[in-house]
């Protein structure tokens, strides 16, 4: 079916994590007949198991909705889904660049949150037409008028014709579809120009290779066409072109303004980068679309197999994950304590947890993850600058002139009564106060510059718990700054355990070291001998705890014939031992290597 | 399933108690007469069914053990009925060890004397403790005086093989109290003593009391000292340790329990009883109604069964064997499995010997005294997981 360009609308949904984006998307699909009631039993756009569990959209998808509008015309509405987590900001920006409009979905009871705000600003930067949608008006605590005012005051958008809706009851769904048709401009672009298509997402299919999701900006993209990825420089031939309705449906070609997917026997996600421009290899566009950048990891950690003979399996699993996640970065490294493993870089903590869980769940690996670290810049007496993403590689203090660490500019939105709590937390985390704005009488936006390393250590959890869950957080990279940082070593049974080393601000080193050894004492099970645990800076020990020896471990009674139960108890004990890492003569459980992250939990 | 192979040990589970003890997680229900009747009828049917073609009668039983629960909370009449059933359905070897468990609060001279006359020749008394405070913590229904008089009555009745069960490491119990209890027990001159470190089992009242902080658990150090005290005091009184928790005078080891520890076959009858028969382990329905319903329908009351894989058989033989101070007979092990222990676990024995947890004594592999305290850690090394 040919669609005229002026009958196409490309839009996305901007919403805070639990403001009802998935339910709303399902309603739109249902209303336009893209899905039957029965298929609605699951939220369609979130299709990875992990996403469902975490309630977060990790991978974007694009769905075409055919909508017969009140003007009697049929429109093709392309809904481009966006991830809702700060780790994936760049992917969001590429989705927004593929749209002409956005639905801004705000919970009628809760109001705007920081992450939403950040994405709205991104959308405004991309000149998108924004349709405010006030959702969950069926809630008893809904206050649409207050939210309407907040949208106007905070974002400066007119919210007078905001659509009031309840994705739960279905109220207001048709109004949303009409607003999309009437208020979002149709795409521009000349289908006779050389091809420029923007990749806003990709996904790996084990049969077809990498599937690229794209928006055709100029020209046309057809099956059989030789194409070129302009930033990467690789060429492929298009095997399949299609759209999601939401079932994948093949078409011959897609023209300027349309959104869809292609398969071109692309074997590696590396060759199909989000933000890259696809052009016709035989008739190349003069320049790529603006905005491509290679995403850089923010957070690093070591991944080691518990069983050293699984190293090869871990490498293969990472290679495979890399095929569908170009933002995953890793290289082999060796730890004296943990043996052979990999230092991996991630977009953020959530990204790290997802990869870790996928490795364990999909590849059946048993892993030790070391505490996450950021990348530090060390200026040495030799006049060199080294970038270090593994604390154990820090040069000796004598050869260090200065150390720089990454900072982020953080925006926190919170009800007025929690301002004190937020400032206290930010101050504790070495934050530099920047600004505070009253968004309304009751809501405040606070800006701090914070060291990234402080954010990855449970900052968000603390923020949530100290503000009863009301605070929302967004942040962006803000460059390196010099700090007074030292390397803390941890010694277990008198031996330094390199995988537990971390870098910490001098003023906090004593407190962190003490807290960590206490935590480790509670995590390391009693061995057959006494195990001292020490924290040290250089050769100076600043804290020490002891795990007492285990001297008795015996089942007194063993008869009555129930031998199976006893056997299972012993098997369980052996399994437990196997999950531990033997370091020297000490058995250390996996979670001990993440202990540095858990210090905060005991403090409150 | 044909039961025509020569298991030589029979266990009868009597699932009744006057009252549940606070530490106990064995299957037992409060005693009442009509259920007791139902139970004995069930037992008869189970014997009938198990013996199908009566082949089994040809294999004489060398041990019989009536345990529980509290077998002696049944009336003398019912107990004699059970013994008659056993004798009717099975041949007993001439030197059979025939044990019954008893709670000191549930026996009297008449009952003991009838049991002895009926052929029971070993009495296992659940003394558990001597101090009233500890008996109360455990939730026992008897006093130490009752233990003393039960022993005297048993002697009068002609029992020359008496075991006393004791528990240490009880919340509130002190080392001094325990040592005094051991002395009091020695004064009763039992042929056998079982001294168990208390295990707090899930679902017991005692565990709940400890978990909720109502009772203070025994310190590990005290537990070790109490265990050492038991070994020293009992051994110096001529009760030789022959298993982690068991002590006996010469030739008075419990032959029935040795069957378990040598990983040989045994047949268990009654609700919740376990059996090991020809490479299969099984256990009966635990609920009395389920047990009798199955039997009335002409079916064996087996609720669970599992084939013993060679792997598990090997592991069970090892960890059961190591429980005995005499250790695991390596020669017999090789005969049984066709491979030596070292062939199956290359290097393991050597490393545990080097750690001082195992030692070789002739053809036997034994736990060292230090290894005995850490028996679980040693045994689990042999687990096939």
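Quick reminder: no glycine exception, Cβ is built from N, Cα and C everywhere.
The feature GTP binding site is assigned by TrEMBL to A:18, A:19, A:20, A:21, A:22, A:23, A:135, A:136, A:137, A:138. Per TrEMBL, domain 'Tr-type G' is recorded for A:6-188.
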Stretch-averaged pLDDT - the domain 'Tr-type G' (A:6-188): 81
A:22, A:135 as binding-site residues, winner by CB count within 10 A: A:135
Cβ atoms near residue A:137 (GTP binding site) (within 10 Å, other residues, all chains): 20
Residue A:137 (GTP binding site) - helix vs strand vs coil (DSSP): coil
Coarse DSSP state, helix versus strand versus coil, of residue A:22 (GTP binding site): helix
Around the Cβ of residue A:20 (GTP binding site), the count of other Cβ atoms that are within 10 Å: 24
